[in-house]
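Down below is the structure, laid out as structure tokens.
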């Protein structure tokens, strides 16, 4: 079946005029359609953006992982106790997913430009949907990483409800697998119905597909913003309690900035996708028959994925310089949770904390995942920031502590012992 010879089908609608101007579903075909010229430009630009994303990501990966083969970073995926996954492996797999999304987007755009005569609608529908699922999966893996850090954090430096590690695993991997199962099922059935000529059934599954996408993107956007915001507050609280100074302070503050950037990128990008997908699912017929509307939505939809990948890579690559507190000098600070202002007492706590709070902090023995994880987040995979040994923590004077028996608060001493 030649899809380009069909008139008034689900993917191709022609006007009743002598010129027989036809409008196409640009996801499936653009050949001999009113949108062909503008969508050719959109696809060419997206190929360039995808190539730039892949090249930049490849260079960044080679530098960060000591010139190893890029795809060897998958070997960093390693399980740790409790079924959780290490932050570095999550960063790596998230990074691979985003770049793989760019590769497949490149393939789809090239296919649309040079292979439009190919008429298998099942294949057309599938090859358009699959890259978005890999990009979506990359952000899900990032969500699992920050949510596991929250799950491992201690109640002494957090407020409100925190998810359990088991809940994070179940929710994260359910969200990861859902697009590959539900969305691919809808796209394949829709393509099969189009090939068989059952247009009404195909339309039902096309709309259902984008309802799934709207729910998935909205859920992921809300989850990333919530978990990322909680993690930023937790890490800021850690800086206040332990009075981190020197280069480590700059590194941690830089890591917090990176987390904030990814939260903003993911929140805006995923919310934008959710809005466009819902709009397309509801108003598909009106959008498809409007050359301007179809071109605008198609351009934003196509480019948004590449811009998200490039923005995330830039957020990973930057190494911001943060001014550290003066070493060995009293420092007035504001508790990010209570809003209290006080002068450091040298033990890592504000003099305005109550006796009960100080005793609680003194008994606090945090898990390495809650505090050491920031070291991984802030220094990996960015290769332009200074790296530190995980056991090397700094006392309030800014000097490294000696195996947990030197100066420092009880919490710091216990933290070093536990990290061993």
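In case you wondered, yes, glycine gets a Cβ from its N, Cα and C as well.
Annotations in TrEMBL come from automatic prediction, not curation.
Residues 171-190 are the range that TrEMBL records as transmembrane segment, among 171-190, 231-250, 331-350.
Of the candidate ranges 64-82, 197-215, 368-386, TrEMBL annotates residues 197-215 with the feature transmembrane segment. Counting only same-chain residues 6+ beyond the ends of the transmembrane segment (171-190), those with a CB under 8 A from a CB of the stretch are 122, 125-126, 128-130, 132-133, 136-137, 140-141, 143-144, 147, 163, 201-202, 205-206, 208-209, 212-213, 216, 219-220, 223.
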